[in-house]
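Quick one: the structure is below, questions incoming.
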Amino acid sequence: MNKHMPTGVVGILCQKAIAGCYMLHLLSIPTTLKSRKLKTIVTLSGKNAWFFVPFLLWVITGAILQVFFFSHEELFLAINSFHAPWADVIMTGLTYVGDGITFGIMLAVILAMRKYRMFLNAGCILLLVTILVQTAKHFFNAPRPIKYFENPAIIHTVKWVTVHGGCSFPSGHTTTAFAMFCFLALITRNKMMGLVYVLLAFVAAWSRIYLAQHFFIDVYVGSIIGTSSSLLLYMVFDKRKRSTPAEIIPEAAIGLS
């Protein structure tokens, strides 16, 4: 039996309960939001279908896998067991896609383009997800895979990557990646780029399991937190922009067309 089983099981059940409540909240949006706000969500999702359709499929598929097919441990080991020397190198690099530094680089580029409202919007998104993730991490203090399993030899790790032991839930890298790429999908004129963005976010999430830093539920919930936070704050700033005289509002979208 796992040495962390008493606290581990309780923690996992709490995490799944929170994820379930969060999904129920999202499903209840049509009955709790005003029609205008709902219309905004539907419109934004429709205009950015290249990002949100794959994301919705991910949310549904992830829920089905966790509820009906795999246990907490099985799903992690199923993903972590697929590895290769060349993938060790690639995943080590790709995991930084979800690093706060990468988000900071995006902020610097936006600021250099003098998109001040956009810069403030993105900065608020980063602040919000940081607060949410760090609060959850320290509240649950869930063990990471290397500490969770009694026999760590069954886990694939990359020798040059430091594997952490605590504060597993949720994944900060995954949350940051989905928040950043959702925001980019919303502000980029070429909406087909949304598919590229969501795939990059998926890769960042996959890398966290590949590198044995997180369980599936960590990246799953992180992706929902990141995407929903980005979408909701974008809506807040978009509403404020519409209430501002048009002549003082700079062009909101960026190129990549």
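The count begins at 1 with the first shown residue.
Backbone N, Cα and C define each Cβ position, glycine as well.
According to TrEMBL, the record shows the following:
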type     : residues : note
DOMAIN   : 117-234  : domain 'Phosphatidic acid phosphatase type 2/haloperoxidase'
TRANSMEM : 6-28     : transmembrane segment
TRANSMEM : 49-69    : transmembrane segment
TRANSMEM : 89-112   : transmembrane segment
TRANSMEM : 119-140  : transmembrane segment
TRANSMEM : 160-187  : transmembrane segment
TRANSMEM : 194-211  : transmembrane segment
TRANSMEM : 217-237  : transmembrane segment
State, in range form, which of 49-69, 89-112, 119-140, 160-187 has the highest count of Cβ pairs under 8 Å to the transmembrane segment (217-237).
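Looking at each of 49-69, 89-112, 119-140, 160-187 in turn, the most contacts to the transmembrane segment (217-237) are made by 160-187.
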Over the domain 'Phosphatidic acid phosphatase type 2/haloperoxidase' (117-234), what is the model's average pLDDT?
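Mean model confidence (pLDDT) across the domain 'Phosphatidic acid phosphatase type 2/haloperoxidase' (117-234) is 96.
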